[in-house]
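Here is what TrEMBL says about this protein:
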ACT_SITE  CYS2  active site, for GATase activity
BINDING   ASP97  L-glutamine binding site
BINDING   LEU194, ILE226, SER301, GLY302  ATP binding site
DOMAIN    2-187  domain 'Glutamine amidotransferase type-2'
SITE      GLU303  site 'Important for beta-aspartyl-AMP intermediate formation'
Amino acid sequence: MCGIWALFGSDDCLSVQCLSAMKIAHRGPDAFRFENVNGYTNCCFGFHRLAVVDQLFGMQPIRVKKYPYLWLCYNGEIYNHKEMQQHFEFEYQTKVDGEIILHLYDKGGIEQTICMLDGVFAFILLDTANKKVFLGRDTYGVRPLFKAMTEDGFLAVCSEAKGFELETVKSNLRILFDNAIKKRLMTDRRIGCLLSGGLDSSLVAATLLKQLKEAQVQYPLQTFAIGMEDSPDLLAARKVANHIGSEHHEVLFNSEEGIQVLDEVIFSLETYDITTVRASVGMYLISKYIRKNTDSVVIFSGEGSDELTQGYIYFHKAPSPDKAEEESERLLKELYLFDVLRADRTTAAHGLELRVPFLDHRFSSYYLSLPPEMRVPKNGIEKHLLRETFEDSNLIPKEILWRPKEAFSDGITSVKNSWFKILQEYVEHQVDDAMMAAAAQKFPFNTPKTKEGYYYRQIFERHYPGRADWLTHYWMPKWINATDPSARTLTHYKSAAKA
């Protein structure tokens, strides 16, 4: 076991780099080397050694006279290295089993090298002659290797996630988020922003207003919030709007108005998914308000962040960072069925164009490239990395920055009387037990399990008969045996609310 670490394309000073590399010192207590690559001011290796073989020449990065252009940082055991050496008659310079990687690479390239290695390993191979970096790891990650990279050429590699300089990652995220919003200012129409008072929409609104000022846009930014009386979203959005100085609009609606537009909403959505319909009512009504009462046409929002940054409360129950990563990627692939569908259809129904900077391909690609351990909830708080990233920015109030997750369909109503409960109470009188008993016969595909689901399905079938397969499955949280998609039904939410 050893600790390997490398940075390529870093502008940080040497002291910052050393501090970062020292975070994995426990992996190699016997010796440490920090080495810059000759001729490259922004490339360096760090190695923490547990001296198991070749006490004299076992330090790394490994370099041999025959290949002066190759640099290797390696951790693991190559069980067939002697057989390979004898078969190809390689001349070894050290007794380190990993040296075989240098010889095999020079002989047949990286793909052939990997195919011939039998063992557990992680390595960083730099080829200065061809200006290429290769990362290799055994199939199951017995020897770990993490990477973080950006499209502008920065690459960080380490045995453990803690070896990355967090400040570097946070700086990259801020830059990429700024750029994601800046490129979306392209329009001749007035720009507005949805503002629920949650973390995502607040960061978008604050950054957007800053960018509009820098672009010397003459009109004030209009922000829009919707909710019923005692809505936590309205209160939070008001705090953010006061903090950033936007021209803020609050839209109040009651349960009757929400129920009355269900038919219009489902027609616009082209889906009968329960959580999507619930969340769409507020977004449909606020889009209607924007079109009727303002001249804002291009509307920014925080969609996509929950899927990307593991913002849903059920991520607290993820069995492992790898499983959380898999779920995050699954949610992103299915956005077109759920959140993105909701955001597009409810705004488009009123002639508005939606823009979603969290789904910028450069920002999202970088975020997904970070080690899984960095992206999971931390200290009982979801989106911890995203919150930390903007901790010292003063973009939004601290209480909003660390505000717990609140689903949009829940946040628009009071905690005492959630929107999903209002809907369920109404539907109880619209769908009887006999209808539910025959649900499987009437709706054999995606059979609704609740009266609320049955009611939405009826409306959908009236508008789009025989098109139920447009929705492959209902949205539901994982790992918690939930029977309802609302976050307010979850144990974590209830304990957080009491606190």
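Glycine is treated like the rest: Cβ placed from N, Cα and C.
These numbers come from a predicted model, not from an experiment.
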Checklist line | Where the record names LEU194, ILE226, SER301, GLY302 as binding ATP, the maximum Cα to Cα distance in Å | finding: 15
Checklist line | Rounded to the nearest Å - Cα separation of LEU194 (ATP binding site) and ASP97 (L-glutamine binding site) | finding: 58
Check: About how far apart, in whole Å, are the alpha carbons (Cα) of ASP97 (L-glutamine binding site) and GLY302 (ATP binding site)?
Finding: 50
Check: Here are the recorded positions: CYS2, LEU194, ILE226. Which has the lowest count of other Cβ atoms within 10 Å?
Finding: CYS2
Margin query: Let's check the environment of SER301 (ATP binding site): how many other CB atoms sit within 10 Å of its CB?
Written below: 26
Note to self: Just to verify a number: CA distance, GLU303 (site 'Important for beta-aspartyl-AMP intermediate formation') to ILE226 (ATP binding site), in angstrom, no decimals.
What the structure shows: 16
Check: In whole Å, how far is SER301 (ATP binding site) from the residue listed as 'active site, for GATase activity' when you measure between their Cα atoms?
Finding: 45
Next item on the list: Run through the Cβ atoms and count how many others sit within 10 Å of the one on GLY302 (ATP binding site).
Entry: 24
